[in-house]
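Enquirer: Got a structure here, written out as structure tokens. Questions coming.
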Amino acid sequence: MKNFSYLSFPPSTSRAKPSPPLPAIRGKHKPVSDKADSRKNPDYAQCRIEKELKRGLKDPTINCSYGPAGDNIFQWEGAIIGPSDTPFEDGVFFLSIVFTAEYPFVPPRIKFKTKVFHPNISQDGTICVDILGPQWTPALTIENLLLSICSLLPDPNPEDPTSPVCKLYRTNREAYNKKARKWTKMFCASTLCYAILKFDFSVMEPEENQAKRHPGHGERISVKQSFDQMVSKWT
């Protein structure tokens, strides 16, 4: 069983409902030289990926988390919190992120692992968003992508759908919201229960990672306590 570690999320300054912390998984990998510079050079891609990972660890973002899913630096997992006051509120949505040797000149392949009832997300998790296609630019980062996907949840583009959910969204918004909320409660809960089974808390991170400050509170809590609090609403 693999051991997972966590990123800490800074408290939001808005009046929105506080979001729970999200798990992020960091694998072991060897750093490469920053001098590597080639469009199809995997060393250059790895250098860029490592920089994004270090930036995320140094300055965590509210409402999203990301990191390697294991030892392969080119395979990550991401997680986003559903926006407040939407059918996706309180949901924690997991995504798979796969980089190629041409990154950042070619966008990563990102799919939802959690089922989502949404006009721009297909049944297999494929996301229809222009920044993963023709609007991609090397200046974008994984953090930018996850935040854009989070914004897409409450504000879909029904003109370019990837599923028949689009028709329901356009013709019966109330029914759409009700079903999207039902899926959020049903599939996000099962995803988190599955994640609990994968976490091995017997092997802990270094001391500085064994406790983290919970947003909005002064006490320090353990990694396991943090995760338990995140899923307590469904148990």
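In case you wondered, yes, glycine gets a Cβ from its N, Cα and C as well.
Sharing the record's features from TrEMBL:
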- 1-41: region 'Disordered' (REGION)
- 31-41: compositional bias 'Basic and acidic residues' (COMPBIAS)
- 44-189: domain 'UBC core' (DOMAIN)
- Cys128: active site, glycyl thioester intermediate (ACT_SITE)
Enquirer: DSSP helix, strand and coil counts for the domain 'UBC core' (44-189)?
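Expert: Summed over the domain 'UBC core' (44-189), the classes give 53 helix, 27 strand, 66 coil.
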Enquirer: How does the model score the domain 'UBC core' (44-189) in terms of mean pLDDT?
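Expert: In the predicted model, the domain 'UBC core' (44-189) has a mean pLDDT of 91.
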Enquirer: Let me know how many other Cβ atoms fall within 10 Å of the Cβ of Cys128 (active site, glycyl thioester intermediate).
Expert: 19
